[in-house]
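J.: Provided herewith is a single structure, encoded as structure tokens, for subsequent inquiry.
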């Protein structure tokens, strides 16, 4: 017969194995949620039969038209990127619903009991047969209809919760209408700091020095998602920025694959600087990268600008003028 101590040890080992096996996940703040929603809409609305109608529905939290692949895949995109659907397990993750609420409930209006109900509903759904858009959508659609008020609340779409969050966090998070670049500069090159004198040349694609520059590049690379959650280089995201300005991404993909294979750095800041140097050192890439990076700065002010029609058709001269205006404010 096992002793109580041995049962306790087995229980601890079992829990440890479960924790180790489970993918790491962090609750999502308003900036992250807006980024996810905008990207999923950008990806799937063009594939709808009526893109404008689909976008209008999705922005109003209506998963319609429900029989279209675009809506089903948009739904899966949202659930998977937020982390409420885990493809490795083929199931909805109730524990993450609770973690989201526990992390941010001081800002939100969600009722605790209703959050528990939503958590239980997720957990009672058995693992799916596949991670296809239709299977994920069909597993989730009734949950969405029944618990929409709670879902919106824990995802900062309940009125003023996002506003409370942004006010509380201040300059520590990217504010609405602020570019990722300016946000990172204000943290790592603040007014009055010794490194502030370097900011003007840094904004003109010259390399900065020391830890402040490493911190700045890490912040920007994370903000524009050139780094993923594990601080690994996301070459597809860099390539996407090239296509946004009408440039072929083949050269930059090859250059960054080569750079990635040679980089030995593990510190995220030093690694970001190494990758940035690679982008500026390759004569086949540098000019197009600078153009793409400028445009990314402008687009990072408003994640919804492209899908709402607020983003003007791309013009290199117009973007350069906007960036020059920002430079003029920073170089004083």
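Just so it is clear, glycine is given a Cβ too, placed from its N, Cα and C backbone atoms.
Given the structure is predicted, the values throughout are model-derived calculations rather than measurements.
Just lifted these from Swiss-Prot, have a look:
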- 61, 176: leukotriene E4 binding site (BINDING)
- 185, 203, 294, 297: noradrenaline binding site (BINDING)
- 40-77: disulfide bond (DISULFID)
- 73-133: disulfide bond (DISULFID)
- 184-219: disulfide bond (DISULFID)
- 200-331: disulfide bond (DISULFID)
- 259-278: disulfide bond (DISULFID)
- 1-21: signal peptide (SIGNAL)
J.: Have a look at the recorded positions 61, 176, 203, 219 and say which one has the shortest Cα distance to residue 331 (disulfide bond).
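T.: So, spelling it out, the nearest of the recorded positions is 203.
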J.: Measure from the CA atom of residue 203 (noradrenaline binding site) to the CA atom of residue 278 (disulfide bond) and give the result in Å, rounded to a whole number.
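T.: Taking the Cα atoms only, residue 278 (disulfide bond) lies 17 Å from residue 203 (noradrenaline binding site).
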J.: Pop the Cα-Cα gap between residue 184 (disulfide bond) and residue 297 (noradrenaline binding site) into the table, whole Å please.
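T.: About 11 Å separate the Cα atoms of these two residues.
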J.: Return only the integer: C-alpha distance in Å from residue 133 (disulfide bond) to residue 184 (disulfide bond).
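T.: So the Cα of residue 184 (disulfide bond) lies 36 Å away from that of residue 133 (disulfide bond).
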J.: Taking the Cβ of residue 259 (disulfide bond) as reference, which residues of that chain separated by at least 6 in sequence fall under 8 Å from it?
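T.: Long-range Cβ contacts: 274, 275, 278.
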J.: Reduce the DSSP letter at residue 219 (disulfide bond) to three states and note it down.
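T.: Going by the DSSP assignment, residue 219 (disulfide bond) falls within a helical segment, counted as helix.
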J.: According to DSSP, does residue 278 (disulfide bond) sit in a helix, a strand, or coil?
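T.: SS state of residue 278 (disulfide bond) = helix.
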